[in-house]
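A.B. asks: Structure in structure tokens, see below.
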Amino acid sequence: MKSLLFLVLISVCWAEPHPDNSSLEHERIIHIQENGPRLLVVAEQAKIFSHRGGNVTLPCKFYHEHTSTAGSGTHKIRVKWTKLTSDYLKEVDVFVAMGHHRKSYGSYQGRVFLRESSENDASLIITNIILEDYGRYKCEVIEGLEDDTAVVALNLEGVVFPYSPRLGRYNLNFHEAQRACLDQDSVIASFDQLYDAWRSGLDWCNAGWLSDGSVQYPITKPREPCGGKNTVPGVRNYGFWDKDKSRYDVFCFTSNFNGRFYYLIHPTKLTYDEAVQACSKDGAQIAKVGQIFAAWKLLGYDRCDAGWLADGSVRYPISRPRKRCSPNEAAVRFVGFPDKKHKLYGVYCFRAYN
């Protein structure tokens, strides 16, 4: 009896690794998946590029791993789009669709809808893009107990510029930095935007806030006041600081504008108040810092005349370096914050298109 039991145990052990059993194991797994094919959500492109005022489609499609159909038909498909915050700590609702129900949220209301070019198309169309639309978006598709997600980044064509107020360097907490950028037709820049600007040659020694609450600055030409001559070029990171108490400059980001930026031809130089009135009489407004940077970077605007801007600063944009006009580099030259009542300059105006 013991011998017979021993032979049975041996036969079981020998049978376990047999090649035929591996196919049986594979068939067993497939059988389970056939009862509930896995939902897959795919973004055909990880990054999409656009500009302020444009329209864009964020791609997203869903499939079942072991079927060619978009859905099983037993459950309604729910599509939800959210935007990931720059610090990835939370998600902001953008759009949700289930059956005939559609709902958009916040600043996206009236500007977003699904493309729905096929049964499995969950791509999101965003119209009239604003600066705040920049960032990463998550497409989530839910069917019954199954769900999957894909992430798409929306990048905007634009320019990053450092900004400090009339009070001088290191005078803005994080919330004041956000408002300062908004006041100058821009938003506080992200790390990715600053990094791209550094790769394009931005060099600035003053540390500034970024949208994730970190404080950083880009260096292309290492030197003693900026980390030392022997350090490696890059984006230097001061880390995360108290948003209420810590004070730094800020890096702002702006993109295309819907209007005309120009230097006002005027018979005389102007005080600041006279400059504001002169633009108003010309059917425009005194231009903002973000607008002069956008005109310089995106349109190649070039003018050697210093002019007032809305924040009380005086600047001029040079795209073609030449003698007496930024001979060494293309840049928006900063003259300073002169006395508004007594100093005389030209003025840059902005007229919005209807």
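Glycine is treated like the rest: Cβ placed from N, Cα and C.
What TrEMBL records for this protein is below:
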DISULFID  C205-C226  disulfide bond
DISULFID  C304-C325  disulfide bond
DOMAIN    37-155  domain 'Ig-like'
DOMAIN    159-254  domain 'Link'
DOMAIN    259-351  domain 'Link'
SIGNAL    1-15  signal peptide
A.B. asks: Can you tell me how many other Cβ atoms are located within 10 Å of the Cβ belonging to C325 (disulfide bond)?
C.D. replies: 14
A.B. asks: Measuring Cα to Cα, how many Å separate C226 (disulfide bond) from C325 (disulfide bond)?
C.D. replies: 26
A.B. asks: What Cα-Cα separation, expressed in whole Å, is found between C304 (disulfide bond) and C205 (disulfide bond)?
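C.D. replies: C205 (disulfide bond) has its Cα 25 Å from the Cα of C304 (disulfide bond).
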A.B. asks: Roughly how many angstrom lie between the C-alpha atoms of C325 (disulfide bond) and C205 (disulfide bond)?
C.D. replies: 22
A.B. asks: Please list residues from the chain of C205 (disulfide bond) whose Cβ is under 8 angstroms from its Cβ, counting only those at least six apart in sequence.
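C.D. replies: For C205 (disulfide bond), the qualifying residues are Y217, I219, R223, P225, C226.
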A.B. asks: If you count the C-beta atoms lying within 10 Å of each candidate's C-beta, which of the disulfide-bonded residues C226, C304 ends up with the smallest number?
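C.D. replies: Fewest other Cβ atoms within 10 Å, among the disulfide-bonded residues C226, C304, is found for C304.
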